[in-house]
Amino acid sequence: MTQIKAQTLKGFRDFLPGDARKRQYVINILKNIFESFGFEPLETPALEYEEILLGKYGTEGDKLMYRFTDNGGRKVALRYDQTVPLARVVAKYGDELPTPFKRYQIQPVWRAENTQKGRFREFLQCDIDTVGLNSPLSDAEVIVIVAQSLKQLGFEKFKILINDRQLFEGVSPDAIRIIDKLKKIGKDNVVKELTETGLSSEILQKFETAKPTGNLKNIFMALQNLGIPQSKVEFSPTLARGLDYYTGMIFEVEIEGYSVGSVAGGGRYDNLVGMFAGKQIPAVGFAFGFDRIIEAMNELNLFPADLTTTKVLVTVFSSDLLEKSLEVNSLLRSKNINTEIWLDPNTKLEKQLKYADQKGIPFVIIIGPEEATSGKVVLKDLKNRTQVSISVDELIIPF
């Protein structure tokens, strides 16, 4: 038999428990914040008809899309982001949805990117969007949610860069695309690309000296009233955002000390939903770059030291004492304590302790012959390397 090499595709990853726990930690925090603002969960299929997605992300986006013909001869594409599928959902189920429709969505998307630090071909996006409302307050609210999310995750030093796509009206898409690279490639290279494309370098100067639109001034005022410090937001007139569907306010988030691009971005897109619904439906939203959030938290050491799901391992001293261990296990679980019991009574205690240490389980319970007779257990704290003999009735206290 030919041995198959155990490998993953480039840009695709496995997440072992240690990493998966970190991801769940972030997801749970974001869900709680999103729901605290009245946003509800939504899920959409991984595969969409190709025509739903094509042309919504610009020519570069179309090139990065995973497209193929399925077994039924249908032209399909993998989800590229979660905003276009949202537009389809609103068009399809509009009469069943409340107005405004406030939803969050946490699902994987796929893009045929050149893999590099912070960029993958399959990655999780966390989106929120408000559909059916056009006001500076709704624009400001999504920015407030970004700020609160980052603060809750432990980020103290971040900047929200804000612009208005209306500043780019009448400017060629090529110029917008090049100007959007300013922070990545620098002013000299932007001027060079503009010139090579046959565009005037004066376009860049025009945007560098631009002033906030009236719409942005209203949003800045709303942000101030909603408690966002002025130091956290910045007018960035050369920020363009690469996606073609934005119509008003746009923003990106940068974290001090993390150099691999923005960790979140979004804006207002009042025409996209109308493509499917046959009418204009205003919308505003954003997406977190989930993997970049994880990477930044790792770099800045923001994860709690203890993320293990199991709080205590009940060991089995011997097959004769298995029943005692099972009783203690049931007691702890009845108190809603995440408890794992060793499943092989013939395993040496040393191996059981090593298992708990490897998994990061903070507490271990040992019930030997002496403890079984006295109605006590040994509670071992693996983190502090201490242990106490304690009665079964008092066992709940340390947890």
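Each residue, glycine too, has its Cβ placed from N, Cα and C.
Binding of L-histidine is annotated in TrEMBL for Asp81, Gln82, Thr83, Gln125, Asp129, Arg241, Tyr245, Tyr246; the matching candidate from Arg67, Arg74, Arg111, Arg119 at the same site is Arg111.
Taking the domain 'Aminoacyl-transfer RNA synthetases class-II family profile' (1-297) as a whole, pLDDT averages 90 in the prediction. Arg241 (L-histidine binding site): 19 other CB atoms within 10 A of its CB, across all protein chains. Among the record's L-histidine binders, Asp81, Gln82, Thr83, Arg111, Gln125, Asp129, Arg241, Tyr245, Tyr246, no two C-alpha atoms are more than 21 Å apart, and one pair sits at exactly that spread. Residues near Thr83 (L-histidine binding site) in space but far in sequence (CB under 8 A, at least 6 apart, same chain), listed by position: Asp127, Asp129, Tyr245, Tyr269, Leu272, Gly285, Ala287.
In three-state terms derived from DSSP, Thr83 (L-histidine binding site) belongs to a helical segment.
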